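First comes the structure, then the notes that go with it.
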């Protein structure tokens, strides 16, 4: 493996969304805080966006739009403590005009390093900066810088904590009120603010040095900015070093954030932060690296990039003290306002198999919001608990009723809140965690109540029809391009993904009852009826309709749209701009019915369909894959990995690999037309790692046993990674036509179709089939 497999390096200046996207990819974090990878010298502009976020810290604002008050709850962009300005002989240096630029994110050491060379009237000036975050003392982070010039001059460095910042990362959100906090206090090395409506106190303490000399505080023209400065005579070719140590805390997780940051600041330093950072990531890569040797130039690097961002989005060291989960963009940008979606389903299984304590921490975020979910259901006239499609601070619904169509710049209705399947995803995550860990305490700590209350919601929605089948109306599936029937409102009926996942949930509820968990009798009785009689629409070829009457929708001339527009991954917006609705057509944003295969596997889904007294042909998976692939535009990054996994099952390894390669580089290549500017796509990052491990390596941990049946692409000569299954660490190595397994404790496994007992610490070899 070479150095390039551990870094992303940018050597040319980019502008606009491409620059924003690079800064998202170069973000640092530790589960508690996220620091966007903008240059230290930059402020919010068309080309740069510094951002600092803390998990769980949200604020609400109100803006009048078309005569209506629109309430938005946003993950707060904190005051910016990483801003510097450099003056030479009294003139501000414009690093945007650098003649040389190099920006690097180092995954192995979790460092962001930037180098700028500027040509000035007197000669050349070079600035090198390195940013780092402390994963152990997770409130701490900092940076160091080096300056050298090939001439003598008066050097002045100013460093700031800028409390004038707004939430401005997402261009289409800028029309809304985006001032999230008010600065309440500034003193030497300390800025304190409070969010405007959620009233969370934010405290930032810092100390800055140049060659060991402390920066004095200076007056600022802006009373929202803490400024410090130091000035020296710089000799020709003299290298000077400066650094800043920063500690942040909020009243969301700390009782007295001001006292905390001041005490912690006196106890830490940039060297201590760097030491903790180095030690932490050394262990992460020892435990969690996925090594792939292949003929694809960027694959290994992309795999590590995805691991890096997932491990920054959450980690037990921080999350055990937080009431937070992982948003769809992690802590790297303000896309989707930092809200938590069903995307947890794409990352929680990864945590469960690699750092199970973190998975448990994230599940508690949902359990802690069960009361809010019950209130959501009550407000909507439903029973039980209804989790929101978009969740933030307290767990009420944060989805908007309107959204902006960026094709025609018109505000359109947003019905995405009807994706009630988010509740099924949460229960699924509980199940995956319990399967991989055997930790049933998550159930007694509120998980069982969550299962029961969401079951109440679903069974209340399930209505018995004249056909003797139970039907669920008024919902949406994962495919967001279908919000209702043509010309109607109110969602769709009998979404296959929803109905089959509910069948699965009712089966688990039954199993829990049989294991002695207390389930209300009436609930269990209705569950027994519904789990055998939910409705599906299956045609004569074995295609499972995405929802009832789906086959009656019109077909789309995709070739015509591609000829007219080129990129059609957001064909929904194109159609609406033309005055037609995707509700009328068989077109999908992403895998919907086929998400069942990603969640449960082919065999399990087959059993569920049979349980509902339907029959499928032997080739049903291929039939459904072909049918829906022809109608899917992959408007979500999470779509392709589903098809990749299915293609592995069908033996189409070349196409599976093509889907994987495209998906795994979603952010690096920014395949969604600039959306990485708003933060990385955490869901697809977790999903692609799962495809590598669960599909190509053939690992299955879902059914209570460690089972593996590898089928590597021909272009891969080696695959190596670890998994944790029920407390046992298993080292997996596939190379030279062999599978080699080493378990930390005795473990009964299934290799292809044979059961094998692994002995603790003994490497066991198997021939690949």
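The backbone N, Cα and C atoms fix where each Cβ goes, glycine too.
Features as listed in Swiss-Prot:
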ACT_SITE  480  active site, proton donor
BINDING   342, 343, 589, 590  substrate binding site
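A map of Swiss-Prot features onto the structure.
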{"residue": "342", "record": "substrate binding site", "Cβ neighbours (10 Å)": "24"}
{"residue": "343", "record": "substrate binding site", "Cβ neighbours (10 Å)": "26"}
{"residue": "480", "record": "active site, proton donor", "Cβ neighbours (10 Å)": "21"}
{"residue": "589", "record": "substrate binding site", "Cβ neighbours (10 Å)": "22"}
{"residue": "590", "record": "substrate binding site", "Cβ neighbours (10 Å)": "24"}
* Take the C-alpha atoms of the residue listed as 'active site, proton donor' and residue 589 (substrate binding site) and report the distance between them in angstrom, rounded. => 6
* **For substrate, whose listed binding residues are 342, 343, 589, 590, the greatest C-alpha pairwise distance in Å** => 16
* To do: Other than 342, 343, 589, 590, which residues of the same chain sit close to substrate? List them in sequence order, counting a residue when its Cβ is within 8 Å of the Cβ centroid of the site.
  => 341, 478, 480, 636, 638, 639, 683
